[in-house]
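All remarks here apply to the structure that follows.
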Amino acid sequence: MKSLQTICLLFIFIARGTSDKCEICHGFGDDCDGYQEECPSPEDRCGKILIDIALAPVSFRATHKNCFSSSICKLGRVDIHVWDGVYIRGRTNCCDNDQCEDQPLPGLPLSLQNGLYCPGAFGIFTEDSTEHEVKCRGTETMCLDLVGYRQESYAGNITYNIKGCVSSCPLVTLSERGHEGRKNDLKKVECREALKPASSD
């Protein structure tokens with residue numbers, strides 16, 4: 001995977017908490033410091049998200065604090081197995097002020113392949129991405145397909161296409177997505193049962 005894709009993806013999934021002002025920042029590591037900004041409706045919640053791209057034993061982590069609509073807060077915890085052994089993990093925490101607490105990002109579980117598989121994709125700046133087969137592990141019994149874009153002043157429109165194995169489906173749906181002042185739009189959120197290999201008989 002290209003390093004540019006890795007850096008850009010670290011700042012895609014964001015959230016916010018109910019407040020007049022929220023801290024705005026993004027950076028590598030577990031925390032960041034920034035500036036206060038008023039949060040107009042519908043982006044009227046403060047939030048903090050940790051994004052981790054993990055290829056055991058190495059991981060790249062970033063933090064983003066911003067104002068967002070409550071629909072994105074429903075993403076909560078997302079662990080997507082996008083390539084064999086490669087995970088994109090996000091922890092979104094919304095709160096009523098700009099000091100949102102972290103949700104834990106424990107180490108990747110050691111689990112065996114469970115015989116299921118999903119289409120996998122990891123695309124940035126495009127809604128199209130070449131698919132490959134991801135062999136699901138452990139409790140990963142669902143396939144997630146996520147397409148959307150995020151508008152940021154530092155990077156413009158970041159379009160993304162992410163597919164892979166997940167243990168559970170995120171609560172957010174397209175009917176609840178909201179356009180967040182045209183800054184964030186989920187164009188596709190599909191979650192279905194993982195596939196079984198075709199019988200050799």
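Each residue, glycine too, has its Cβ placed from N, Cα and C.
The signal peptide annotation in Swiss-Prot covers 1-19, and the record cites experimental evidence as its basis. Among the features that Swiss-Prot reports, disulfide bond is placed at Cys22-Cys46, Cys25-Cys32, Cys39-Cys67, Cys73-Cys94, Cys95-Cys100, Cys118-Cys143, Cys136-Cys165, Cys169-Cys191. Sequence annotations record features per position, and here Swiss-Prot assigns N-linked glycosylation site to Asn157.
What Swiss-Prot annotates, mapped onto the structure for a quick look.
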residue : record         : Cβ neighbours (10 Å)
Cys22   : disulfide bond : 28
Cys25   : disulfide bond : 14
Cys39   : disulfide bond : 25
Cys46   : disulfide bond : 29
Cys94   : disulfide bond : 22
Cys95   : disulfide bond : 19
Cys118  : disulfide bond : 27
Cys136  : disulfide bond : 25
Cys143  : disulfide bond : 25
Cys165  : disulfide bond : 28
Worksheet item: If you draw a 10 Å sphere around the Cβ of Cys67 (disulfide bond), how many other Cβ atoms fall inside it, taking every protein chain shown into account?
Response: 27
Practice prompt. Determine, using Cα-Cα distances only, which of these disulfide-bonded residues is closest to Cys95 (disulfide bond): Cys32, Cys46, Cys67, Cys143, Cys169.
Written response: Cys46
Worksheet item: Reported as an integer number of Å, what is the Cα distance between Cys143 (disulfide bond) and Cys165 (disulfide bond)?
Response: 5
Worksheet item: Just checking: which of Cys32, Cys136, Cys165 have a Cα that is within 10 Å of the Cα of Cys118 (disulfide bond), counting only these disulfide-bonded residues?
Response: Cys136, Cys165
Worksheet item: Within 10 Å of Cys46 (disulfide bond), Cα to Cα, which of the disulfide-bonded residues Cys32, Cys39, Cys67, Cys100, Cys191 are there?
Response: Cys39, Cys67, Cys100
Worksheet item: In whole Å, how far is Cys73 (disulfide bond) from Cys100 (disulfide bond) when you measure between their Cα atoms?
Response: 12
Worksheet item: Taking Cα-Cα distance, which of the disulfide-bonded residues Cys22, Cys136, Cys165 are within 10 Å of Cys67 (disulfide bond)?
Response: Cys22
Fill in: Proximal residue to Cys94 (disulfide bond) among disulfide-bonded residues Cys32, Cys136, Cys169 (C-alpha distance)
Cys32
Worksheet entry | Between Cys39 (disulfide bond) and Cys22 (disulfide bond), the C-alpha gap once rounded to whole angstrom | 7
Worksheet item: Highest CB neighbour count within 10 A among the disulfide-bonded residues Cys73, Cys169, Cys191?
Response: Cys73
Worksheet item: Just checking, which of Cys32, Cys100 (disulfide-bonded residues) has the fewest C-beta atoms within 10 Å of its C-beta?
Response: Cys32
Discussion item. Can you tell me the CA-to-CA distance separating Cys25 (disulfide bond) and Cys73 (disulfide bond), as a whole number of Å?
Written reply: 17
Worksheet item: At the level of the C-alpha atoms, what whole-angstrom distance separates Cys73 (disulfide bond) and Cys169 (disulfide bond)?
Response: 14
Worksheet item: To the nearest whole angstrom, what is the C-alpha distance linking Cys165 (disulfide bond) and Cys22 (disulfide bond)?
Response: 33
